[in-house]
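**Q** A single structure is presented below for examination.
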C-alpha cells in the first residue's frame, strides 16, 4: 500500500501536485551557493506550523506566527539561509515585512498569505536589497521540478540534504503524497540557527484531525531530538496541504486512509528528525533512548531526554563505553526513577537490573563502536507509557566546530 | 577584622579547635594514594548537611540523611575515595553500615553519631575489608594537624587541593574560625562521582540562624555552579560546629559577629565552589554569569544557569569568541527574557542593548583569551533581584577525559 521515495505501484505521472518550488542565489552566502527559496501553491493551502519556544524568536518567526493566527490558508513560504534575521530588533522585523510585501505583490497574493523562514547568522541585519533584487528571478523559477534548488537554498552547514517523499495509493486523485524538505538541527557554526522543516501534501481531511496528527508527529520527532540541548531562535516546522485528495473530506479519525497517512507522516518526521541528529555537529553516532514502563508519556520523555542530553553519556558513547552508571545517574537527575526498580539495556545486552550485573563489556563496547545507531533502553515499573528520544554523541569535532572564532 | 588563610591579627595559638582529622591509604585506589579519611570532634557537634537531589543516591548519602534526620549532634564523618558505593543495591548499603559500625565501635561513639561520604567509581561494590582493616590506623592518627592527610584522602582526579581557613576575632575563645575541605565537582573520569565539602567551625549561635545561613551560602555557591549540568549520586556538603565560641549563644540575627560570620561562610563557599569549577574537566576558563534586574531570584538563577550551562556558550568561550547571540539565545530558552528589553555585557563591554550594537570584537576576544575568569552580565528590567552562576568552558580535554574507555 505504501511506497516510500519511489512511487512503486502508484503511477506517479497521475499524481497531481499543486506546489511549486524555487531556489536561487542572492548573495547572502559568501560562497555564492543558493540562499533564497520559495514554496508556492496554486491554491490556498491549509497550513499548520510549530515554532521555537525560545522567547528570543527571529523576525520571520514572529511574522509567520502572527499571520497564521489570523489566516490558516496560506499560499507561499519565502525562506532565506545565510542570515537568521534574529535579535535584529525592530529594524530586522521591518526588513522582513518589506521583503515579504515585495514577494506577495509580485506573485499577486495577499500579504498575509505568505509565511517566512530564515536561517543563518544571528544578530546581524540582513541585506534586504540582495533578497529583493532576486525575488523576480525566484518567482520566475517556481515549478515542481525545482524542488532540487529549493532543497539547496535552505541549507547552511548541513553535511547532507534532508528530504522525504512518499505516496499512499487512493482510488482517486492519483494518490496522496507527503513531500518534505528540512535543514539541520545542530547549531553548527558560530551564530548559526537551525531547524527548518517544510512538509507539503494533498491530503483532504477534517482540519482538527489533521492538526492533531501534525502535532502528534512533531512531538514524537522534532520535539524528541537534541544535538546539544539548545533550541534556536528560528526553529519552524510547516505543514501545508492543498486538500485536493480525496475529493470528499475525510471526517472519520478511524478511516483507513487517515490511519495510513498518519503512519506515513510519522515516518516522514522521524526520518527527517533522525537525519538532523545524524548531521549534528561533529556527531558520529545516533543515541536512540527508549524509556519504557512509565506512569505517563511526559515522565518517560523526561527520563529519555535527560539521558540523551547528558554530556557525560554523550562522551561515553563517543568512546564506545557501555557506561550504565552515567545512564542511571542521568535518569536519576529527573527524580522519576528508583535505582532499585529499574533495568537498563544497551542493544540487547542487559547492563543493570536493580543492581549491577555482569556482562561482557569488551564485546558490547565493540558493538557500540561498530554501529552508527546505539539503542539504549531503560525499563521502569510504574506504568505502560513509553517515549523514544534521539540524541547524538559529543565529539572533539563538536567542540572544534563550535569554538572556532565566528569571523 | 577578618583574616583569611593566615590568621593575621589573631593569635592562632589561642584558637581552640576541637576537630581532629586523619587520612590513610587502605588500597581502594590502585595508585596507593590516601583514600580513607575521618573527621572527629571531641564534643557533640551541631551538624547540617545538604545532599544530591539525584534520586539515584549512594549508600553513604542514604545513611547520612537518615541519621541526620534523627540526630543533629554528630561526632564524626568517615569518608572514602576510590569507590562511590553508588548503585550497588542493598549489598552496598549493608557494606556501608558495617564499616560505619566498625568505626563508631572503635572510637566508642553511637552508631548514628557517624556520617558517611564516598566518592569514586559507581556501580562497583567496595572492598569493605580493605577499609575495615585500616580503621584502627585511621583512628590512631586523628589530630588537628593531620588535616593535610585528610585533604589528600578525599581527592579523586582533582588537579589541586581545595581548602579554606579563616578566623574572625572575638573577645573570647581566641576567635571564631571556619575550616573547610572539598573535592572537585566535575565528573572527571568515567564513573567517578563528585562534590564533597566538609566545613568545621566553633561558632555558637541559635540553630535556626545557623541553618538558614548555611542553606543561603550553599544556594549561592555549590548550588550555583555547573561543570556539565549533571549532578552526581554522592554530592554532599557538611557543616559542623562544636558551638564553643562565643560562650553565650548568639540569638540575634543582626549581631555583628553573626553578620561577619555569614560573610566569611559565604566567602568560604564561593571560594571552594569556584575552585571546583576551575578544576572542572579540562576547563580553561571560569564563566561568571550575572543575571541582573529580575522579578525574583529564581528567575535570575534560571537565566544565569541556562547561559552558564549552554554547550554552545561554553564552546564559544573556549574559542575566546564574544558570541552574544548564543548568550541571548540561551537566555531566551528560559522564556524569562525579552530580546527587546535586555542588554548584555562581557567584562565591561556592552555587546547587545535591545538590538545589536557595534563593539571592538578583536579586542574583546583578546581580553577573553587573556583572562581565566570571564564576566558575563545580562541586564533585565523586571525587578531588582540578581543571581550569579558559575560555569566553565567546554574543551577538547573535557571530551577526551570523558570518552576514554572506563577500564
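Note: Cβ is positioned from N, Cα and C throughout, glycine not excepted.
Whatever TrEMBL says is automated annotation, not expert-curated.
According to TrEMBL, the protein carries these features:
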ACT_SITE  A:194  active site, nucleophile
BINDING   A:156, A:183, A:194, A:281, A:402, A:407  substrate binding site
**Q** C-alpha of residue A:183 (substrate binding site) to C-alpha of the residue listed as 'active site, nucleophile': distance in Å?
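**A** For residue A:183 (substrate binding site) versus the residue listed as 'active site, nucleophile', the Cα atoms are 7 Å apart.
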**Q** Applying an 8 Å Cβ threshold (strictly under) against chain B, tell me which of the recorded positions A:156, A:183, A:194, A:281 fall inside, in sequence order.
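**A** Out of A:156, A:183, A:194, A:281, none lie under 8 Å of chain B.
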**Q** What is the interatomic distance between the Cα atoms of residue A:156 (substrate binding site) and the residue listed as 'active site, nucleophile', given in whole Å?
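**A** Here the two Cα atoms are 9 Å apart.
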**Q** Please determine which of the recorded positions listed here (A:156, A:194, A:402) has the lowest count of neighbouring CB atoms within 10 Å.
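**A** It is A:156 that, of the recorded positions A:156, A:194, A:402, has the fewest other Cβ atoms within 10 Å.
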**Q** Just to be sure I understand the packing, how many Cβ atoms besides its own are within 10 Å of the Cβ of residue A:281 (substrate binding site)?
**A** 27
**Q** Neighbour count, 10 Å Cβ-Cβ cut-off, for residue A:183 (substrate binding site): what number do you get?
**A** 27
**Q** Based on DSSP, name the secondary structure state of residue A:183 (substrate binding site): helix, strand or coil.
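**A** Where residue A:183 (substrate binding site) sits, the three-state DSSP reduction gives strand.
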**Q** Would you identify the secondary structure of residue A:402 (substrate binding site) according to DSSP, in three states?
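**A** In three-state terms, residue A:402 (substrate binding site) counts as helix.
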**Q** Secondary structure at residue A:194 (active site, nucleophile) (DSSP, helix/strand/coil)?
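**A** The residue in question, residue A:194 (active site, nucleophile), is coil (DSSP, three-state).
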**Q** Can you tell me how far the Cα of residue A:281 (substrate binding site) sits from the Cα of the residue listed as 'active site, nucleophile', in Å?
**A** 12
**Q** Cα of residue A:402 (substrate binding site) to Cα of residue A:194 (active site, nucleophile): how many Å, rounded?
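**A** With distance taken Cα to Cα, residue A:194 (active site, nucleophile) is 14 Å from residue A:402 (substrate binding site).
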